[in-house]
Amino acid sequence: MLKHYIKIALRNLAQQKVLTVINISGLSIGIACFSLFLLYAVNEFSYDRFHTNANRIYRIVEWWEGEGREAGGSGSVCTPVAPAMKKDFPDVEYAVRMRGTGCLARVNNNVFHTSITFADKDIFHVFSFPLLYGNSQTVLQDPRHIVLTKEKALQLFGTTNVVGKALEIKTDTAFEPFTISGVAENIPANSSVQFNILCNFEHFAQTTMVQESSNNWHMTIGMEAFVQLKPGSRLAGERKRLALFRLKYLPDERPKAKKEKEAVQASFRLQPLRDIHMNPQVEGGNNPRNIWILITIAAAVLIIACINFTTLAIGRSAGRAKEIGLRKVMGSQRKQLMGQFLAESLLLSVFSAVAGLVLAYTLLPLFNQLADRELHFSLTRFPELCWLLTGLTVLAGLLAGSYPALVLSAFKPVEVLKSKIRVGGSNLFTRSLVTLQFVLSIGLIISTIIILQQLSFMRSKNIGFNKENVVMINTGSIDSKKIYPLYKQAIESNTGIVSVTAAEMGLGSNEGQMGRGYRNYKGEVTGVIEYPGDYNFLNAMGMQIIAGRNFNAALASDSTNAIIVNEALVRDVLGTTITDALGKQLVEGKGNGRKPQTIIGVAHDFNFEDLTRAVRPQLFYRPANLNASRFFVRLTAGDPATKLALLNNTWKQLVPDAPFEYSFVDEKFDAFYRSEERWSAIAGWAGGISIFLACLGLFGLAALTAINRTKEIGIRKVMGATVSQVVGLLSKDFIKLIAVALVIASPLAWYCMHNWLQAYAWRINITWWVFALTGFFAILVAVTTISFQAVRAALANPVVALKNE
């Protein structure tokens, strides 16, 4: 019987080639999109789950809440917190600090700039990074030992077995030899902890920056700290123990009066390792809402494809009413007829699934480029994908086949053979499905337009300084104290060079920050981002001093205790006006021998972060011994190649052994919004695909409607109806459905995008024209699609139509 069903199903599908192609194309595209989007989502939720003790590993975070501010934290903590936690809590089995930085390295006299990660020696006790060579228990016991990944070993030495070989690294002013003691497997992409070259933290602790912060509980230098708790420990949920621990080392944070209990409170918390990648409350974490949006988009595209599949199956069944009548007269039972319809639908669904998976596999490289990931279809890694797609294939086939099977198999043979039965695209169920299709499509298009508007707004917004035409040069491990004045003098007088300056921190994405705690006007300690730079840094960056003065190289005090602050610091830390802020002093939260800092100027608010954040308190100062990690050169507009050649040649003359590595500041800031660019691209493609699928379905339904109304169209033409009247007759019902879809989709899209925009401190207002433009576009595309079939039906010979009917 099954063989018979399949044979009849294949014959029926072959007889309706156009509709079969439309059905398979639509559902296969939907399955391909759903597979790719689902693969991305599953990968995002799989971060850090491969570690053996993942459920006992936590990251120490600095947490703030109170005074009506949104609670949140940072994974950048002070240097001494991890050793202190290991010493004070018997629950802590291991504690590991990690800090990435850029250094110059040398192999066989070949000098290059690379990223180095410094970590405490117990890192391989905590994290399950398998080693190809070396003993994980002892690989970092010696401060002069380092570990390379397999990829880095191949890149530097052309082989993986490099244990015992030497690599020179310039961590201070001179190259120092390190011995490779181990080679690790490449770090999985779905790991929050990444490294290429791993060094012992003990060596890094000897540098000036770390020594300054080693006992300073109010200073952060971009350090992350992890702890592995002993089995059964509940320390992560014991806020009181963590609070007492903090007060032990930061006693000045203890409230002095009850009225201070509503102030902003800082605390240490333990964040589960598997929570790091998908927790937006901690800096650097992704928002799981975006993944759920992606899953919703994927589901919407798949639903649209399934609706196509179902409505076309219903429409296609209208032409088989007489076939069903004859079968029933010849003795076919209802369950046999239902089996035939379901077999055809399931067969079509299986064909579509196979085509969809082939299409998804073909498009995966393009999707990886779009999503900035390295995804792979793997049944062993993601077995749930296989089961889910199999279930969806069967479900789509059953849904598409059930309605016509139940309805047609229930008709009486006499009524069917007398043509008293009509099943087609005009019934309420089918119209509801078509409306739902366009609700989803219109909603996706509206969302895409709003995302693009927000992205454009963020790119063009004035962030408080001029980021265009500024080259940022990475100094690596050169002696910048010596090289900076020479480099500045050599290039600043050349044509095309506007200004030259330097700073100890970079600008833009992935450049890090440093900060300290200062006492605010309430007596509490507030975090302030610090930016040490040269005297002319603010002028070179185009920042506006709105009160007071800029730094003056002729005044010795300007390099000892003078600072320039932004408006946010005046408001949030000083609690005063801009003019009254001049001359006031900022006192560090915990005395470390640093003099109070005197405010000599107030700059207009500037934003060194992405626009999801409001501007935070920041200050500038000019260190007495500026040790610049970045040189900044502002160029005139146009012909950057010639100017970059000048910068490169001058660099090679002064530091021939160091590579000239640079980036443009505007590109570094654009990198903040790569995520939004990816989302807008994904939503745009999804919106376009959804409209295409909806129109594909409309094309098929319009063809079926024209077939079902052949006699009516023939009579109307005989009675004098024009082509335009016939086109209007066939189009008006579909246009009404699209208008209803627009009315439903608009408030839903507004609500969703309004909530999405709340994540941005700086955001656009949603305007009415977005909805009007989308509605006009949807109707235009739909009318164009329908008109093709409508005109074809209107131009047909009515005599032939009436004769056949």
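Residue 1 is the first one shown; counting continues down the chain.
Heads up, the Cβ atoms here are built off N, Cα and C, so glycines get one too.
Residues annotated as domain 'MacB-like periplasmic core' in TrEMBL: 20-236, 439-640. Marked as domain 'ABC3 transporter permease C-terminal' by TrEMBL: 296-409, 688-793. According to TrEMBL, the transmembrane segment annotation covers 21-42, 291-314, 341-367, 387-411, 432-452, 682-707, 734-751, 766-788.
For the domain 'ABC3 transporter permease C-terminal' (688-793), residue counts in helix, strand and coil come to 91 helix, 0 strand, 15 coil, using DSSP. Tertiary neighbourhood of the transmembrane segment (432-452): same-chain residues 297, 300-301, 303-304, 307-308, 310-311, 425, 676, 679-680, 683-684, 686-687, 690-691, 693-694, 697-698, 701, 734, 737-738, 740-742, 744-746, 748-750, 752-753, 756-757, 764, 766, 770-771, 773-775, 777-778, 782, selected by CB-CB distance under 8 Å and a gap of 6+ residues from either end. Sequence-distant contacts of the transmembrane segment (766-788) (same chain, at least 6 residues past either end, Cβ-Cβ under 8 Å): 438, 441-442, 445-446, 449-450, 453, 691, 694-695, 698-699, 702, 727, 730-731, 734-735, 738-739, 741-742, 746, 749-750, 753-754, 757. Across 21-42, 291-314, 682-707, 734-751, the stretch most heavily in contact with the transmembrane segment (341-367), judged by Cβ pairs under 8 Å, is 21-42. Panel annotation: around the transmembrane segment (21-42), residues 291, 294-295, 297-299, 301-302, 304-306, 308-309, 312-313, 348-349, 351-353, 355-357, 359-360, 363-364, 367, 371, 373, 375, 377, 382, 384-385, 388-389, 392-393, 396, 682, 686, 689, 692-693, 696-697, 699-700 of the same chain, lying at least six beyond its termini, place a Cβ under 8 Å from a Cβ of the stretch.
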